[in-house]
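Structure provided below as structure tokens; questions to follow.
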Amino acid sequence: MNYRNKDKTGSRWPGGPPLNMGCGVVLPIVILAVVLGFVPFVRFYTDFVWYDALGYAAVFWKKFWPQWLLFGFVFILSLGIIRFSLMRARKTALEAVVFFDSPLNLPRVKMLINAFALVVALALAFGAKDQWAMVLRFLNRMPFDAKDAIFNKDIGFYIFQYPFYRYAQSLLFKVFLISLIGTAFIFFIARAQGRVDMESYRQIPLSARERLQLGILAGILMLLLSLGYWFDRYELLFSPLGVVYGAGYTDLHARLLALNVLATAVAVIGLFLPIAARRKSWKFIAVLIGVWIVGTIGLRGIYPGVIQRYVVEPNEFQRESPYIRHNILATQRAYGLDDVVVRHITPKDGVTMEDLNKNIETIENIRLWDYGPLLRSYKQLQEIRTYYDFPDIDIDRYYLQSEVPRQVMLAARELDVRQLQNPTWVNMHLEFTHGYGIVMNPVNEVTPTGLPVFYVQDLPPRMTIPLSIEYPQIYYAEMTDYYVLVKTTVQEFDYPAGDENVRSTYEGSGGVPVNSLLRRLAFSVRFGDTQILFTDVITSESRIMYYRNILERAKRIAPFLLFDQDPYLTVMDGRLVWVMDAYTITDRYPYSQPTLLSTKAGKIRFNYIRNSVKVLVDAYDGNVEFYISDPEDPLILSWNKIFPDLFKPLEEMPPELILHRRYPMDLFQVQAQIFAVYHMTDPNTFYNREDVWSFPTHGGSQASPYYIVTKLREEERAEYVLVTPYLPTGKNNMIAWLAGRCDGDAYGQLVAYVFPKQKLIYGPQQIEALINQHPEISAQLSLWGQRGSDVIFGRLLVIPLEDSILYVQPLYLRAENSDLPELKRIILAAGGRVVWGERFDDVISDLFGVEDERETKAAESPLYKSEGLPEGGTLGELVRRARETYNEAEEALQRGDWAGYGEALKRLEGYLQRLDDLTRPLQEDEIGDEYNLID
């Protein structure tokens, strides 16, 4: 079969293809490329002007150029190696089969080789483009000044350098593997005479040059494989196969040996392969490959199992003890737990008036409002209109005419355009552009009807505390995920005022200017909305706001940071400012135990974390500022070298916002989870899991930490802390509690208070059991249930008071036909005693024995008789029983239950008679001279 062409150029048109044919092919391709590239270009352009408007144009280019430079480098490298290998293979093959027509002589073969190399190189380059952050970290690496326990390398090697080396080895292995397979395929195709089969190959064996090329490529592959084995040695420090995470006895005495032997053996094979292939030493090559395979199976598969079974397992602790210690120390360092202050205390059995007097700031800041009930109260009382919404409740503290922080709860009144009755383009993008104001209440105050007492409320905001909000408009928040146009000829809706609406025009600098036809066209394409291009309400001053969700906004600028899932709103200098915590993380810290953190984007795995950055987002202008909060973290120092225009030192943060720093919730939860196991520092205790802690549950799931104002033991002042209690695993008593400090120079410090194991300290679930067994509480709950009311138990809080523990649980009541919960009772417990009541002061007095002391004094006074008190009871007990009986009578009357009404009245009469008898004054001649007053 003849594959030859009619002329030397191999073209059917000796003078070249017709011009009209070239245009007919090229022009549609060009048009298609322009059309397909226009939308990505528009997105690129609109992203750039967004960065530029925020002052982060340098950050944009610092992320853009490394991606495409890396793309270009990998593309050229891959294309060069693959194309050279395949073209060289074609030339070598044609020399070997020169005496007959080969398919490789076809003119389109070169085109196919070029196309194949181009497609593969593009695929590898696009994959490499996403590795820009890893490459920049490698080029801007920082030392950790700590070394691993096995290879004695700085921890920074495993975080900055090792991932880069591993990626480079993997990339080159792919490139040369594709080159080897392509070369072998060309050699095979070269021998096809009308068909492709093994018979053609047998007729024309490989030439020496062909064998040499295959041997060189195979040898390079083996050398790269040897390098991979060498890198696998470091991977042992992240082994999950032993007693603990990291290299164990079997890893270091079996797998490490296997990797050393295999790395050496495969390197030798790689060096000998080209020579053996050229000399046709197929048996020698087969022996080398056989040794490699057998060695892999024996050394990596069988030998470690034998060591584990017969050397480690019979004496596991002694073998693994050093590596358990490595794991404990590395994990503590990686999660910032190596500086935890541990204080051992023995709590008292109850709470005294002395404890109360020493901790009055704590008592005044006990949180009575749970997030769920309070959020429903906000929605019912303060949404005002259906298009307003409160996404969640934040908690913070303010210093209101005092050095003692006042804990408050607050929420932003955001705009939910999905609830607009008339969702036109004008309404959604020009008029209803922002939320308005906040709602704030103290955590411990309740109205007589069981509702929150507001510090800030209504529209426009009314305040009962010395707080000023000059810009209550909220353009950037947690729900805002659509674009708006401001400074147009359409005035924006601010808030409703009676039958009219108050309107305003934006006065800030937020958003991107829309001051040209080009930009209007770009944004029209970007958002798929022609109204932007054709509307006549846009002026030269108009601006467009997008990426208005605060988390998305921050992630766009710094995608390499992990952001806390709970941003919180603060009031600073009359402005509303969002505060977010950001973390630097990695999963490459040797020997450190990995953990998972659930986020909206899924679960994230890491074994090192630092709260390295505080982020501020202005709710009015949308300005985003990044402050380095942990200047000792090598990861953030590396990013600071990469993006010197992005981060500011913490000293430049406004002082007002420094007062609102708090220990991050996500970080504390991760640290608390790890500390539940890694508070054990003795390898033997750790190995036997003798002292593993767990967490209380609430509502069927693990209870989350919570913020309180308290005076820590051995400290002089009350401060803001984030706390969580611990229980022994499988038990319900409390064994310890952990506090993350939020104020002043102590910010970021962790303090653990550990209780003696031999003393019973009630845990939250045990206190809940005591509450459920309380006769009075149980009876009242049953009564409310019969009336159709929904009883809601709030979160049981553990509050430390000196050497005592106070337990607080609010109880809410919600009517059957209402979604407005009311705080009806406050339950306190200490030392196994449970009391409850409607007013916090009364319950405190009851718990601390103030009422008991008063009644005891009255009962002992000669002015009153004391006979007839119920066993173990007080005058207050009789009064409460009388009140409850009266309420029962009223309820029976409303139900028309005349029998129940009569029975309740009869019991009430008995209680009143006993009270009258008990409090009957004695006759004057029965009173001693020393008594003349009733205290």
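Any Cβ shown, glycine's included, is placed from N, Cα and C.
Per TrEMBL, transmembrane segment is recorded for 21-45, 65-86, 111-128, 171-190, 211-231, 257-277, 284-303.
Give me the local environment of each listed feature.
Here the transmembrane segment (65-86) has Cβ contacts under 8 Å with residues 113-114, 116-118, 120-122, 124-126, 128-132, 135-136, 171, 175-176, 178-180, 182-183, 186, 213, 217 of the same chain, all six or more residues outside its ends.
For the transmembrane segment (111-128), the residues of the chain that approach it from at least six positions outside its boundaries are 70-76, 78-79, 82-83, 86-87, 90, 171, 174-175, 178, 182, judged by C-beta separation under 8 angstroms.
Panel annotation: around the transmembrane segment (171-190), residues 74, 77-78, 81-82, 85-86, 88-90, 92-94, 96-97, 102-104, 116, 120, 124, 128, 196, 201, 206, 210, 213-214, 217-218, 220-221, 224-225, 228 of the same chain, lying at least six beyond its termini, place a Cβ under 8 Å from a Cβ of the stretch.
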Which residues of the same chain, at least 6 past either end of the transmembrane segment (211-231), have a Cβ under 8 Å from a Cβ in it?
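Answer is 85, 88-89, 92, 162, 165-166, 169-170, 172-173, 176-177, 179-180, 183-184, 187, 259, 262-264, 266-267, 269-278, 280.
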